[in-house]
């Protein structure tokens, strides 16, 4: 290891607490199977003054998904043996069920149950356990797309996997993780920490910021195969060393987890067996992040370099950015690429995606544009006045007989869609929107629209209760969004699009959706 390599890495690691301030954190870097960095700082619990160390138990959240799939592959050479078990757990589905591999690759077509729970009126910090999960999953009647044809992030895919493994083996998922993963790998402290209210060693996750102050985050979810792993930095180091030690074995677990995955049409898929597959700084990378209120983590592995990075924060800073900065330092490449100064002026405006009914807002941003479509905004580089793109999306303006449109290509989702430009001129009578709308797909869940002092508010209700009333934001004629910045899970749905539909001039229905749960029709009561 050269002096310049050591200096770059030391500088990047030393900068983490200031760049990502919060109660505490930990980082590990491994190269060629050797631990180069193993460091914790700050406090796992600031009230009790418990230090954050490499042995501190941490809530790994969605990093769990690769371990769930690892357990699946350890127990079943051919996971499709369990396809009938998936079908049995979707009793009301009116179309062919996804198979087990569709679940593992996030190609199931299901709507994410944390998002759907908000449509059912789930309180943001309310209890959500096995019973609540089962009620939401059992209510599934339709899919967002035919299994295998596209990608969408769906947490219950992995809950279904762990539940099915429990039923098939007659053993708890905690025991299965222990025998299939923890013991062989040497993850000595790792556990299934299903209850999110507390960790057994007192580690706490915190909401807030330096400006507002940090406070313990309140969570009341019970997790299993989707996000239930509790592990220390030392446990994750053991995982990364196991990956390196078994790298040349043809049937090694990580080799099986990272085998190339495709969609049903043969196009390469960016996600498989609980792992994202991408390129960073010109290298192939497998990785995943984890998040819950108060907890952020990220791990990545560059097989060609035999290089791994693990980052944990017990606060809400962007662990994925931190891990990317550490990776850039380890590779000796700049973290921030040069960006274009071209402004895609022809794209700016508000659109409605025809296929899903989701809103898309394209706004000016330094070097290009900001696209508001997913849970969080995407920064696009301006290529020309009519084109902007990022690694996962391309948007191009076009004129058709029906007017100005844009084409949005999302190769990672294996789909291309048309964005129809919306009429942003004011003028409709907002009082006509008020009323109650009901969704047959969601067991008669409702959205209530009211005018409070002349201001439009909306709220969801369903089998989990009555949700908060939120002030709606008008985007265009009959197109509004209901903000959802906080939810049961950390990665909230974001903005729910409410696209009102009229017949004979009267509002009769509203099409509701977000990227995690799309295209749900609510009829006016």
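Note: Cβ is positioned from N, Cα and C throughout, glycine not excepted.
Your range for region 'Important for specificity', going by Swiss-Prot and the list 485-495, 496-506, 507-517, is 485-495. A straight line from the CA of residue 489 (substrate binding site) to the CA of residue 65 (active site, proton donor/acceptor) spans 15 Å. For residue 65 (active site, proton donor/acceptor), the same-chain residues 6+ apart in sequence whose C-beta sits under 8 angstroms from its C-beta are 158, 225, 226, 227, 274, 275, 288.
The Cβ of residue 62 (active site, nucleophile) lies under 8 Å from the Cβ of 155, 226, 227, 288, 289, 290, 291, each of these being in the same chain and 6 or more residues away along the sequence. Residue counts for the region 'Important for specificity' (485-495) under DSSP (helix as H, G, I; strand as E, B; rest coil) come to 0 helix, 2 strand, 9 coil.
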